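J.: One structure, as structure tokens, below. Some questions next.
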There are 2 protein chains.
Amino acid sequence: MIVWALLTSVGINLGLCLLFFTLYSVLRKQPSNLDVYAPRLVAAKKESEQRNGFNFERLLPTAGWVKRAWQPSEDELLLVTSLDAVVFMRIFIFSLRVFGFAGIVGVLILLPINYLGSQLDVDFDFSDLPNKSLDSFSISNVSDGSKWLWVHFCAVYIFSGVVCYLLHYEYSYISSKRYAHYYSSKPQPHQFTILVRGIPVSSGSSCSETVERFFTEYYPSTYLSHAVVRRTNKLQRLTSDAEKLYRRLVHLKSETKPQQRSRRDGFCGLFGRKVDVLNQYGKKLENLEDNVRMEQLSVAGKEVPAAFVSFKSRLGAAIALQIQQGTNPTEWVTERAPEPQDVHWPFFSSSFIKRWISKLVVVVACAALTILFLIPVVIVQGLTHLEQLETWFPFLKSILNLTVVSEVITGYLPSLILQLFLSFVPPIMIMLSSMEGCISFSQIEKSACTKMLWFTIWNIFLANTLSGSVLYRFNIFLLSPKRFQESLLMLFLHRHHSSLHSVVTSGWTSLLSSELFRLHPLICSIIKRPFSGKDDDELEVPSIPYHSDIPKVLFFGLLGITYFFLAPLILPFLVVYCCLGYIIYRNQLLNVYAPKYETGGRFWPTVHNSTIFSLVLMHIIAIGIFGLKNLSLAASLIVPLPILTLLFNEYCRKRFLPIFEDYPVECLIKKDREDQNDPTIAVFYNKLSTAYEDPALMPIRHPRSTDDHNSPLLQAGV
Amino acid sequence: MIVWALLTSVGINLGLCLLFFTLYSVLRKQPSNLDVYAPRLVAAKKESEQRNGFNFERLLPTAGWVKRAWQPSEDELLLVTSLDAVVFMRIFIFSLRVFGFAGIVGVLILLPINYLGSQLDVDFDFSDLPNKSLDSFSISNVSDGSKWLWVHFCAVYIFSGVVCYLLHYEYSYISSKRYAHYYSSKPQPHQFTILVRGIPVSSGSSCSETVERFFTEYYPSTYLSHAVVRRTNKLQRLTSDAEKLYRRLVHLKSETKPQQRSRRDGFCGLFGRKVDVLNQYGKKLENLEDNVRMEQLSVAGKEVPAAFVSFKSRLGAAIALQIQQGTNPTEWVTERAPEPQDVHWPFFSSSFIKRWISKLVVVVACAALTILFLIPVVIVQGLTHLEQLETWFPFLKSILNLTVVSEVITGYLPSLILQLFLSFVPPIMIMLSSMEGCISFSQIEKSACTKMLWFTIWNIFLANTLSGSVLYRFNIFLLSPKRFQESLLMLFLHRHHSSLHSVVTSGWTSLLSSELFRLHPLICSIIKRPFSGKDDDELEVPSIPYHSDIPKVLFFGLLGITYFFLAPLILPFLVVYCCLGYIIYRNQLLNVYAPKYETGGRFWPTVHNSTIFSLVLMHIIAIGIFGLKNLSLAASLIVPLPILTLLFNEYCRKRFLPIFEDYPVECLIKKDREDQNDPTIAVFYNKLSTAYEDPALMPIRHPRSTDDHNSPLLQAGV
């Protein structure tokens, strides 16, 4: 790829970004789009009053939202959103710092050295710049065995040191935030509750009795209450049906005039005798609700040997959580309870062996998916090898010879097709994680996040970079492993073009189009709008999909770190990406996403591990590259670096990781003592004992927005 | 090796064994040898009355001790010794069961199939049996691709199943023993105490105050007392010197008449003026004791930021142990406290980073030792390749051509030299483990046991089996990895001769000579006897060296499991070894060894893991062998077996391993409630608060065997 092609690509993407930016600025102000661009504020009824006013300013693209997104301090952000959101923003700040430093070193020091190298036999003619290959900006342009390579060597050492320092700083900063957040939190049910699984129910007594007996026996002073989990899959279906029917009834009642309420009961409402729709729906709802009540009664017997056990103090819950309960370690297995709204009720397989097997199956399935995904990747990569394509399909020759077509095919198509394929992966990973036996959405997302990360690294970075041509060169491996390794490294080096591309296309443009502009929800909303009326009740505030967004950002981090000394040209683009991401996600967190749960920043260790992995990968590549460049002394002097990095990681695991798992006695007791002086604690205890009831088992309660005599059921004559 | 050579070797060793057996039976009854053969009973003053009686029976070799060793039931053994000893005996029972089953299958089914095979082109002439190669009893004699190999295949599957079943049975049996032992135990200091390290001492307050403040703040109801650890290396030297001097004084006083108490104070007591020795020693002792007292005062300031903290209940200690204490996980690091007599005081480096680094250093040193040990192994292995030796040293040719010499050199010398080298390893491993920062002898021995196990497996099994010839064949690897792999397997197969040898020589004979006959202590005792008088006080009852004995037994287990289907001839010899070991170790545990500590059977998981490793190794070898024998279907059908075995191991890790780490709440509370009704608990609490004082810091207290006015210090006129 030549400089000109890069500039074109950057130009196109900048244009697209500007377009999306302008469109967003305008559309954001249209009241009809508020559900798309500020559902969070709508739900909080903050912006609804704006809906009716109209002024000319609404049609002007302005950048006021950037300022509004920039302004709140981190503490204000924490107040409005969650600690997880703040930690998510810290990823951008951390990346900005890393790539800011790397960019300065890379562009000011490494880039000139690379460019002035003579390995690729180019002259120092600046007038021909646009037609130069991008390779002349990479380390491949430095002559083999050149003394200048020691600058790269030093850069690798210094950069690793700086990244480790920043990692340590962030870990300790986020740890302190986590503690501060805990200290400032009000008593919350999940702090006082644990989940107990594998309850050994003896015949002749119910699960509930067994739990009651065990905990009153061993925790007489702190045990408060418990809620046994029940198998409610069927009940959940019924209640959600009833809920839907109720909504439709309310909608019908408020929208249609009495004379429109009747329709024929035959095929598609066209034939048969006329019936009052309201009446009909009312009856249906009544039937459903009867069913629900009956099912609720029958479900009481379907106990799963698992229960949420609540304690009077945080320390009590921590003791029961962290010390083995029964003599058999596979019974009375305790687990941290998630927040009540975070519990994932449907998958509650409880037996120890079952969960273990399902975990194994999921691991195998996930590995299979990750590896089988190579097939589309390899096919897509075939597109970048037009010569290959031409030999396979000769009739395409005339079309492929057009510059535009070949540019589009080699530049855009592969990444677009990949993006399409990739968009299916996060839901699959979520599904796999939920089958693993996770009991909360947060656990599922965290587990899916790790899975996505490995998937991304394996498929996009390693496989995408290497597979395209490795398959054609695999016969080299059989002849000589050493030459194979060399050609692998050279390939990797030469593929930084496509990485640049992916930063610009899937980084910049996707970020603006899908994240800021919310293309998909916008289209959905536009399509739905004529068919449905204004129904606030149905507005669901989305939550930020950490499991797909964090791996994306971390992947760019990986690109930046590994290419830092190889092809520093990528760094400025990454800095721009981080800046864009910082502003856009802040805006979205303030306006669009509502936190669905609060893990207290438990996503950070994933970020840390991924960065360490990137560093070690960079070191391994550095060893290979210095070896290739006939500087074996430098190659062997790099060897201690990955070892030191891994030791640093081990230190961090000991120093910080426990903080992200459980709170120490010191915190727990301080908070417990605060509660003792709190007059509202009795009320809280009352709430606590019912907090973990399965929502499907609650008595049917429809939101009565109007007075009782106005209730749709009454009005429908039921 | 031919059958004749094996028979010779077995004959020689049987003769040796009988000799040691007879000698032991006689020597055991001589009163002068009681210190060697029954120090435990002597210490308990049980056998001392026999010392003076003499009868003719004492000179007859009898097998009465075998009956006495056999008789006690397991519960009686547990009463007399410790749970660790019982678990150690379970290794023999487990091995006997495994090899009993394997022996029946191997000798009755596999051996005939092997012998009737025709791969090695031998005829079925039984008259020539003594001159047949041992290979005709191994799987290498079965024709390639023969249907009979499926019998071996089935045997591998069935054997793995049986071993896993037995492993599960033993794990669960020992777990129940562990709980039963805990339930029946009296209150013991280590159950109520934890070790806290990394105490964050602020300037202006002492470590002791900090600990006191922290635990009274957070554990007001259960905290009892604490003992800060002090740096006492110098003090320990001084006190042990004082102790020695005191002993010598006592000895002098009781043995010598007053007129012999004086000697000249010059060179070797030959010149100079006459002085009263008792007087002189008394003065020296006084000086030393003054020094000790001064050092004790000064040591009070040398606090290490570590302390033993005792609680009023077991649950309190467990809570403090298992829940993170401070907000910084590297501070207030808690650890299970060892028994007071088990504490290893000298190495008490306390800082988190220091311990971490020393652990790393030890791991590196241990790996280096394990790998560098290959050098003597390779040299020794050279001895079995006499042709090689002859080409190197032509002048040896005439000697080496003698059959006896060559038999001895190839058969005995290598294993003898190896044994010599190996005897240096356990002390080195103990040293390395104690440098790791372990705080108790039990931890040190456990860690050394694992180290020794890997060392043994790597060096004796893998390296010894393979290195001898692999080095000469390494060039094959460079040419073709597949042929290398084949030749590795064939080598392994053909080396079962040396394994047979090692079972017979280092198994049978060493066991009898060094363990039962106690050759080394016996010689020491005979040499020392004329020089020292009868001094009961100095008799040190040895403790069983688990770290060198367990790996030895496990190594034979590894041999038996891996050679089970390859060369079943080894199995009967192993069964004999296990029977011998069972009786001999029972006898030694009852008479010789006194338990130094009680870990409650915590050595078992090591045994379990080692057996699983042996199984998986066998499966890998089976895959290779079936591949070599042109039975690729069988080879691929074995593949699920190691996976299933590892899954089984994972299950056991979850089901049983936690039992060997901490006791569950159920146990703790039951024991605590028992204590509440115990009237002696107040006395125990008093003892508890001083249990973990460093013995070097205790006021000097010499055992006053006689009345006070009879004390040697008084008598010496001090």
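Every residue gets a Cβ built from N, Cα and C, even glycine.
According to TrEMBL:
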type: DOMAIN; residues: A:5-170; note: domain 'CSC1/OSCA1-like N-terminal transmembrane'
type: TRANSMEM; residues: A:6-27; note: transmembrane segment
type: TRANSMEM; residues: A:98-117; note: transmembrane segment
type: TRANSMEM; residues: A:148-168; note: transmembrane segment
type: DOMAIN; residues: A:191-346; note: domain 'CSC1/OSCA1-like cytosolic'
type: COILED; residues: A:235-298; note: coiled coil
type: DOMAIN; residues: A:359-626; note: domain 'CSC1/OSCA1-like 7TM region'
type: TRANSMEM; residues: A:360-383; note: transmembrane segment
type: TRANSMEM; residues: A:412-432; note: transmembrane segment
type: TRANSMEM; residues: A:453-474; note: transmembrane segment
type: TRANSMEM; residues: A:553-585; note: transmembrane segment
type: TRANSMEM; residues: A:606-625; note: transmembrane segment
type: TRANSMEM; residues: A:631-648; note: transmembrane segment
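Mind running through what each feature is packed against?
T.: Counting same-chain residues at least six beyond the ends of the transmembrane segment (A:6-27), those with a Cβ under 8 angstroms from any Cβ of the stretch are 33, 37, 58-63, 65, 130, 134, 407, 411, 497, 500-501, 504-505, 508-509, 512-513, 516-517, 522, 573, 580.
Within the same chain, residues 94, 97-98, 101-102, 105-106, 109-110, 113, 117, 139, 142, 561, 564-565, 608, 611-612, 615, 618-619, 622, 626, 629, 631, 634, 637-638, 641, 644-645, 648, 652 sit at least 6 positions outside the transmembrane segment (A:148-168) and bring their C-beta atoms closer than 8 Å to a C-beta of that stretch.
Only residues 6 or more beyond the boundaries of the transmembrane segment (A:606-625), in the same chain, are considered here, and those with a CB under 8 A from a CB of the stretch are 91, 94, 139, 152-153, 156, 160, 163-164, 167, 170-171, 446, 449-450, 453, 457, 485, 489, 492-493, 550, 554, 557-558, 561-562, 564-566, 635-636, 638-639, 641-642, 645-646, 648-649, 652.
Remote same-chain partners of the transmembrane segment (A:631-648), defined as residues 6 or more beyond its termini with a Cβ less than 8 Å from a stretch Cβ, comprise 145, 149-150, 153, 156-157, 160, 164, 167-168, 612, 615-616, 619-620, 622-624.
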J.: Within the same chain, where does the transmembrane segment (A:98-117) have neighbours whose Cβ lies under 8 angstroms from its own Cβ atoms, ignoring anything closer than 6 residues to its ends? I mean 6 or more beyond.
T.: 124, 136-139, 141-143, 146, 148, 151-152, 155, 158-159, 162-163, 166, 557, 560-561, 564-565, 567-569, 571-572, 574-575, 578
J.: Mean pLDDT across the coiled coil (A:235-298), rounded to an integer, is what?
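T.: Over the coiled coil (A:235-298), the predicted model scores a mean pLDDT of 71.
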